[in-house]
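Chemist: Starting off with a structure, shown below.
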């Protein structure tokens, strides 16, 4: 039976089976038609055929839970699941606050939200919040690996239509998305997407659905890029909200998160000691400067920076980093980190000159910063030494340590704190509310940034976590500054 | 004779007298007509009647030179003057680079620049550079106190028409400006202003001059504000370049400078030990966050922050500062610093509650952040204990230590490194070149920001100082990023 | 068959079996006599009955290797093992340098070293080095959990007599130690101990052996404490070298290691975001001040400190931390960390007042800093949520997150970088050489610290890793300072 | 009259004259006999003939007050004087606390203290405290430049016998000391010395006085060194307390003070911008590591370190500084700082290779770290550009900027916060009390460190300044740790 369902056989399977029942039943029959296709597809081919976006965002933080699954009974498991969600709730105060405010009004009453995001405890808190605000939800995973099965099961048990499991095949992936939108007697009127695959599928298969859809909320770089392309081509047929570029998300993802995840990602994969290590960081944008460079400096690393833009370069200088060309230091550094958004920043020639044991990784938005393809040549030997860690070995025995095959280190090798995801989830919820309730004409068929005031609202909902007390403008001060006392306090272009 | 020249009598007078001769002779006759007005006006009245802008920018860094003046002969003095300029040249590499490039071409040939800025060694380097680029210059001081007399003398000796001395009266001030522009047989075609007083004078007295003027370059917040008001009112009759808001200037002034000057200003005035001190910083913008807060934290102070904007507030939290309302900590803090841009941020009620010995100062753009006026009441005693330092004493003996009477601490109580002024001066020179050479129609009667590419050029001219090596984009990378290999690398709105 | 060998049944067993053969054969027969005792002893009872020292030092860093064991054949496995050792060699430059220098001389020729330490790749590098220096080695594990089976196998295959496996029972533990020392025709003349159990066993069972033993080298706090007690009681019958208190080890363990491991340990167990978190650190000694407090401050946490010693307290103040009593902040903090060396620093009353979700952990030398026993009461529910992470739940639903049951966080929940272990291992090797070669009478029956000069030698052997270039004293300078040009540079009491 | 009194003529003279009257009268007659000696001795010769100790400690922080003297009437001046003392009292909470406790008991009743220290507002607070504790005091200055005349006047007016003025000649210096001790009908029984000159004078001139003297309290490095030499030679005839090496003084002077004064000293003398500057720091001891290096790193400088001791070198590496030999970086650095305690660390060869504009200064304990003498050659030109700042100019025009002629930067070019002096002064007071009240036999004719418990008491007296709350040991904890609940908490060798 397992085989016919297309599950790859994992050792945790029997544990989650019972808890899965309610979920399984929902799609067991339709799934039949898919059972003829090969259920095992190697990872390599997958990552080529699936749109890039499916891996272009946060990976699941939950890998650790798998390892301790074995001796728990399914019953305990399920209790544990709801507990994971419960724990997440504690770190997502803003969503809980929204729920409370929703007791009187239901700003999403009548909303039918179809979503495609990572299925994690944090997403579960979001979905339950949307539900509390009045919405109906159907959900698929935006990534074939990131689903927390236990969370999916718990959601299913709670009555949500969730189509996702960890380790989907590519066909599974699209099947799940299709199941989300293609259902008798229910038509979505809002889209919440992460990567653009769901939006893409509807465009391709059910373009008529857009007649009833009030808007799209998109979180990822890739998805937003796709939307702007659609808009540019005049093909965007509903308003879309670019959540990715909201200030709070940007600051948290690029700076506060990276500051911690660069250390975490390197430690978990290599156990390297930071003190005294020589590190070169390529690029000096937000991710780099306060994220990577400041954190490594604080841990006692000696950090060099490369830049192409003289303004950023001057900032690197003033912040106390030597600005070099990569080749000036490549022979001596212990760690190479890219965060440029550019491609081929570290190429084979650089890799050839690195010293034995040099660690190479990418914190940038693109997987092409390190020319990993150039390492796939016969004279080099690859050795997988841990999950996400490869040794690439030169004929003379020199090894470089390549992390996550050049993909984003923080997403591949560290976890994202719930508190950060709370910022994103709250922004998504508010974007849905805004688009759903906006009067006719406020939003056209274009891509919008969240109004600054909502950004500020998201931020204010997270202040109580820090026991932080905001000061209020007096009438006189507001007048002096030419501001409304309740904001927005910054111009819309503020970043 | 001194009186007829309108000099206030200072002890350094006789020293600079001889060196001044070339300057004096230039304007001695015209000056006669002004000699009937009262030559001594108290400081208080001055600061009210002179436009605010005249003190709204960097004060002279040269106070130290005065104290050692006494035993030097005028001849030595003058040699020393040119030396001060020479020293400044070493720290202004970009202007020197411009001069070198000017050997072939003279981009300012034919330009007649009338300027009104602080008269310091750094300005001298700028003027000599403009001259090397082909321009003729006439100059007045934008501030009655900031002129370095020796520099003025050296410039005069070098053939520049400079009208300024330290300690001008208000009438002196306007007389000097008038002398700059109102001269037979010479009409300016470019304005370089700092504060807007020169521009204002021409508008008021010689509006016809604008027919020949190609543009205005303005550096200060106040001056820029005035220009935008003119533009809004449709009264701006030439293009103007807003140098104040160029990226490099902003970053240096707001962040890298304040990081050092908050410590320097507090130390020079109060000799306070930072370690363990409790400090509240009002506002968490650029000046505050990386300037004041980060520097004080690094020195071992415990820093609290107040904010009105939830986005900035959240950043303060994530950066490790407790976000409070002022009154929560006012009784316990040792130092209060305002950097909000707002008014009445610290009011009498707060001041009443501060503890004995509390230091109060302002790093913000406006002098009204601390309600100093509220301290001018009979029951409080003021004691001037050092230059720029007042003790305000409550009836019960409690003293608070008020710095610079609430004016900008970094400008009043610390010096601005030449390297920072180099950034501004280079930007001014480039703005003059751009406006002077721009083809008809490129700039209309509006206020412009320096094109990003010029900003980047200014930055690149300063990199060699740090022995910094910029990386160049490959053709392939430039194409991938959709950028020109030579920049601009950032969108124009980048800050 | 497995049962008779006393192995607890683990899933990795069959994989390591073949590779183990050479090891098994060595002790299979003697082992028979032990086979009657119960082979499964619960962890709790074990940790009570085994001397504390067996867990009082670094745990294995190799937990990650276990998870990927399953699909590797034993043959591959063994190749991988030697690779782990090879990788470790790269990070232990000083031992490799010692080996090189040993090519001419064999300072340990004739030495018969019996050792009892963690059996890890790093220990393997040490053993191979001792062997290269001329010594014969027999080894047991000092901890029942920390053995890397693959390393043990590789060592056995390489001809070393190693008696250890991961997951020993208590009886196994002592059996292994006994096998090390009790062998026909071979009598140890040097002891290398970590925790004192081996020394204790010889004292108890084979006191006559000490006649031939030239000295003991001891690494752990506990072991050193035992030695001083023996010495005080006049029962120490050979010289002993206290490696634990050598400067380099202390600085690395207490400061440079903790600075990184506090972050790593908290992240791996809880994924907590550090930015903005309120943390109270109990105690402000070396571990705390530059280790925990500085690292957390750099990551944006707000840190409070408690202290009993006014001198340390004053340092905390000057370093920018508010000094409080625990109860002043216990309700508001997100994380509580103990590093005092004291007991009952956090007691039930404190735990009762913590807020929901508060994380509690110990970085101090003693497991009794947090009164964990007080949480083992019927009204509180314990939930193991991950390895090393327990939720303790109050009747009202409040949870606190207890890490490593109050044991040392850095040893339980993070890994120790090889580079740090290299310092310790090199010190051990030098201590062995010193004791083995010391002329009669240099060392008496007492506990010694490593001569400062050797400490300095250990340090100097690690400098090339950082491409660090030491300056040499001129003859004149050495004379001025009253120092030998080659050191020692510090008095022996320098720490 | 002035000439006969041996005053060098300064412009502040007439201002202080009247206020001085009470002081003058005390010694006017005796002074006659000295009036025949030359009253003007150049500085150079002075610093050779006076014992080095007289400049080997904190210079006066009061230089700023001089410059504003001119327009104040003597009457105002004197009121201002007591105010300076009053201000100092606020920052010396521990002395004030001692005074309060002295209301009941007079631990120094009967003590006749002869002192020789800097005469500053802080010393005045100490003297008034000693007086409140029951002592009689007679005082001279330990440095010919550091006396704050106004403070001396205020003390004299308050009835203290003070013999000191700013700008003493060498003969004045010894005359003042002699006047202190050589007085009819009063014989000192305690010595408080800073530099050892007073002690030396008594040894030389009035050795019999030691019969009544109960002890010496010495603060400076030099003075302590002299005492140890006396002790070694068996010539120390009373107990002496080494205050210089007390923990609190060391930590504050070496670390917390230098952290701030390196920045302050560089800024006040050169206005240099720290951001992006390349700095080499010679030596990595306490002063260097957390003082200079950490502070400069925090301000955005790139810091290199040189060391001779591999242990300190390894610490520099781990703290994130590249360890180099001086010559590797000497061509590229902007600032060179010595803090080694060694001599000839920077020699002419290094100075020859520095780049134009390089700043050179010394933070170490010895004036010989920079070989300044090697710069006094004919081909180099010296130019004094500001107080404490010389340009040394090479024949090719290259200038290096030498600060304080290689003397200690922090003492020469920055001020010492009162709070730091409070630590020292309190320690001195306690040392006096201890020696004066110690039972016969507790102290022999040797040099002692302050008992750790008193160190801790000094620290605890300063905690209220930070609103810091110490935790108390429970009886159970004290027993567990083997400590007395009230301390001492650290062994006596703790530093």
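Placed from the backbone N, Cα and C atoms, the Cβ positions cover glycine too.
Please treat TrEMBL annotations as automatic predictions, because they have not gone through curation.
Residues or ranges marked as substrate binding site in TrEMBL: D:120, D:194, D:219, D:249, D:253. What TrEMBL lists as NAD(+) binding site is D:285, D:286, D:287, D:288, D:289, D:290, D:291, D:307, D:410. Sequence annotations record features per position, and here TrEMBL assigns compositional bias 'Basic residues' to D:37-46. Look at TrEMBL and you will find D:47-66 tagged as compositional bias 'Low complexity'. Positions annotated as compositional bias 'Basic and acidic residues' by TrEMBL: D:72-86. According to TrEMBL, the feature domain 'S-adenosyl-L-homocysteine hydrolase NAD binding' maps to D:254-416. The annotation region 'Disordered' is assigned in TrEMBL to D:34-86.
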Chemist: I need the nearest neighbour of residue D:410 (NAD(+) binding site) among the binding-site residues D:120, D:194, D:219, D:253, using C-alpha distances.
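Modeler: Closest recorded candidate to residue D:410 (NAD(+) binding site) by Cα: D:253.
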Chemist: Using other CB atoms within 10 angstroms as the count, which residue among the binding-site residues D:120, D:219, D:285 scores least?
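Modeler: Looking at the binding-site residues D:120, D:219, D:285, the Cβ with the fewest others within 10 Å is that of D:285.
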Chemist: When you rank D:285, D:287, D:289, D:291 by Cα distance to residue D:219 (substrate binding site), which of the binding-site residues ends up on top as the closest?
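Modeler: Going through D:285, D:287, D:289, D:291 one by one, the Cα closest to that of residue D:219 (substrate binding site) is D:287.
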Chemist: Quick one: of D:194, D:253, D:285, which binding-site residues have a CB closer than 8 A to some CB in chain B?
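Modeler: Out of D:194, D:253, D:285, none lie under 8 Å of chain B.
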Chemist: Check the Cα distances from residue D:285 (NAD(+) binding site) to each of the binding-site residues D:120, D:194, D:249, D:253 and keep only the ones within 10 Å.
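Modeler: So the list is empty; none.
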Chemist: When you tally the Cβ atoms that lie within 10 Å of each candidate's Cβ, which of the binding-site residues (D:194, D:253) has the highest tally?
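Modeler: It comes out as D:194.
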Chemist: In terms of Cα spacing, which of the binding-site residues D:120, D:194, D:249, D:253 are within 10 angstroms of residue D:287 (NAD(+) binding site)?
Modeler: D:253
Chemist: Let me know the largest Cα to Cα distance in Å among the substrate-binding residues D:120, D:194, D:219, D:249, D:253, as an integer.
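Modeler: Maximum Cα-Cα distance: 18 Å.
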Chemist: Where among the binding-site residues D:287, D:289, D:291, D:410 do you find the Cβ with the fewest other Cβ atoms within 10 Å?
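Modeler: Comparing Cβ neighbour counts within 10 Å for the binding-site residues D:287, D:289, D:291, D:410 gives D:289.
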Chemist: Could you measure between residue D:253 (substrate binding site) and residue D:291 (NAD(+) binding site) for me? Cα positions, answer in whole angstrom.
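Modeler: Between the alpha carbons of residue D:253 (substrate binding site) and residue D:291 (NAD(+) binding site) there are 10 Å.
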Chemist: Can you give me the Cα-Cα distance between residue D:291 (NAD(+) binding site) and residue D:249 (substrate binding site) in Å, rounded to a whole number?
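Modeler: On Cα coordinates alone, these residues lie 14 Å apart.
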Chemist: Taking just the CA atoms, what is the gap between residue D:249 (substrate binding site) and residue D:289 (NAD(+) binding site) in Å?
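Modeler: Rounded to the nearest whole number, the Cα-Cα distance is 17 Å.
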Chemist: Which whole number of Å gives the largest C-alpha distance between any two of D:285, D:286, D:287, D:288, D:289, D:290, D:291, D:307, D:410, the residues noted as binding NAD(+)?
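Modeler: Maximum Cα-Cα distance: 21 Å.
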Chemist: Hey, does DSSP put residue D:249 (substrate binding site) in a helix, a strand, or just coil?
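Modeler: DSSP assigns residue D:249 (substrate binding site) to helix.
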Chemist: Average the pLDDT scores across the domain 'S-adenosyl-L-homocysteine hydrolase NAD binding' (D:254-416) and report the rounded value.
Modeler: 93
Chemist: Quick check for the class: what is the C-alpha distance, in angstrom and rounded, between residue D:289 (NAD(+) binding site) and residue D:120 (substrate binding site)?
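Modeler: One finds 30 Å between the Cα atoms of these residues.
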Chemist: Hey, what's the Cβ neighbour count for residue D:249 (substrate binding site) at 10 Å?
Modeler: 21
Chemist: Once the DSSP letters are reduced so that anything not helix or strand counts as coil, what is residue D:289 (NAD(+) binding site)?
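Modeler: Where residue D:289 (NAD(+) binding site) sits, the three-state DSSP reduction gives helix.
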